[in-house]
Amino acid sequence: MPSIKLLVWCCLCVISPRLCHSEKLFHSRDRSDLQPSAIEQAELVKDMLSAQQFLAKYGWTQPVIWDPSSTNENEPLKDFSLMQEGVCNPRQEVAEPTKSPQFIDALKKFQKLNNLPVTGTLDDATINAMNKPRCGVPDNQMAKKETEKPTAAQSLENKTKDSENVTQQNPDPPKIRRKRFLDMLMYSNKYREEQEALQKSTGKVFTKKLLKWRMIGEGYSNQLSINEQRYVFRLAFRMWSEVMPLDFEEDNTSPLSQIDIKLGFGRGRHLGCSRAFDGSGQEFAHAWFLGDIHFDDDEHFTAPSSEHGISLLKVAAHEIGHVLGLSHIHRVGSIMQPNYIPQDSGFELDLSDRRAIQNLYGSCEGPFDTAFDWIYKEKNQYGELVVRYNTYFFRNSWYWMYENRSNRTRYGDPLAIANGWHGIPVQNIDAFVHVWTWTRDASYFFKGTQYWRYDSENDKAYAEDAQGKSYPRLISEGFPGIPSPINAAYFDRRRQYIYFFRDSQVFAFDINRNRVAPDFPKRILDFFPAVAANNHPKGNIDVAYYSYTYSSLFLFKGKEFWKVVSDKDRRQNPSLPYNGLFPRRAISQQWFDICNVHPSLLKI
């Protein structure tokens, strides 16, 4: 009797998956206890036939339909009952690749973009270029509007109609094997996810400002710990976030349908994907626009600190570029090159990568709390004392160092104010002033009704002044006659005045007499007249920034700035008004790539 009950239970498990505690489609199990399977080696290009297959596969012969839902004609047949004996047809002569104009033309295009001699012949240099490790995404893809194949929605609709017809003709539904049930479930899930992705996009880019990503549970690699894998992916997403107005957040709790980008590792036929990996040595990974990223676990991926193997960080950054909408860029230094170029862990996104992604998503914009040039003295290699400066931008609780020679922020910024500037308020600084003369050298941060003096040598705020008075101090005590809170401030070395901005007024504070200068305050509109009519911030300035790079003063308000007419400008054009304001411009047009990152990525 017990054996009969056991048999019935087993049958129910096969027929009804819900009765069984089966393994989830996506789970979080660490597979480090499993023995890795033998690594397969990718087939190399070595002759005309394999070269022809390579050119066709990557879109050089003609653009390729790159669609995760496309069927793979080479997929092994699962139902052998459908096999039929083939019909014998007369043998047809196949043209040799070397005589095909299409093959020669494709070969020439490949050679040209890979900086090879354009010969149209399959020489050793061309074969070597084809055998370089690369991304699995085709170099030339067919535009969606050019494809005539049914979409995933149409395919699923047709499958549904066929199923309805069968149900109507056969009242008793056929028994579905459990494997086929899972296949249909995964297909419908993928269709739903694709439809949601279409709703998120305009057809070209994500329209959401916050994208969520996740490593799918089945797709962890055996080669690195789970924490190492997640760290690398967080860093790769941060690299893109530093140069574009999108945030990325790892989300391991929301339903899978709400995840924008899913990442995973696999070998050969993997993760329900229609594109099989080829083994070690050639394709490292592939990705889909607004979709998933898969990594070939036959490859030897390593952490950024390793000098050996394949940098998972570099491959991940490349594939994320595809998901965001970038194609391959045939430019030395670009992360979007199709071929993997071994490089140290210090690589960063090239100018071409940054401009390409900003062409899709726009540049980073936003107001700032303060901006300033930090002046300091140090000895050079000859022991001589030299004066240098670094440029900083503050926003909320973050700061960026701006590298003026490269016209971009320092790689790895922003950083938390609390970590870089010790003893001052950790967010929403109102202004910074550096009083720098032959006899004085003092730096001040202002917030609310108080100010802090900063010790640049010890990199922290002073606890007290020379008279033993503690910091922070009231602005009204240290700068008599100046109201608080202030909007912005800067120091004019020529006149030795600190100019404080509050609402629609500007105050000139004489540092030698420790008082407000005569005839002040004045209206900002009068003290800084507009060069062009009706083009003036009028009041509530965010930042007053004197730049030593441009030898000019800039007034920031919101996302825009006004450059103050300099002495050099007046020498070139005497008709310009003294302290006049040139017409507004976007801050992002003068200072590039000052981008926020998601708080979860701030500590990387």
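Using N, Cα and C of the backbone, Cβ positions are placed for all residues, glycine too.
Note that the coordinates shown come from a computational prediction; the quantities given were computed from them, not determined experimentally.
In Swiss-Prot, the cysteine linked to Cys364 by a disulfide bond, out of Cys135, Cys273, Cys595, is Cys595.
Check Swiss-Prot against the ranges 21-28, 93-100, 133-140, 477-484 and you find motif 'Cysteine switch' recorded for 133-140.
Checking Asn252, Asn407 against Swiss-Prot, you find N-linked glycosylation site recorded for Asn407. Proximity of Asn404 (N-linked glycosylation site) to non-local residues of its own chain (separation of 6 or more, Cβ distance below 8 Å) is seen for Thr391, Thr549, given in sequence order. Here the repeat 'Hemopexin 4' (538-594) is broken down by DSSP into helix, strand and coil counts: 9 helix, 19 strand, 29 coil. Helix, strand and coil counts under DSSP for the repeat 'Hemopexin 1' (365-424) come to 4 helix, 32 strand, 24 coil. Under a cutoff of 8 A between CB atoms, and with a sequence separation of 6+ in the same chain, the neighbours of Asn407 (N-linked glycosylation site) are Trp591, Phe592. All protein chains shown were included, and the count of other CB atoms within 10 Å of the CB of Glu319 (active site) stands at 27.
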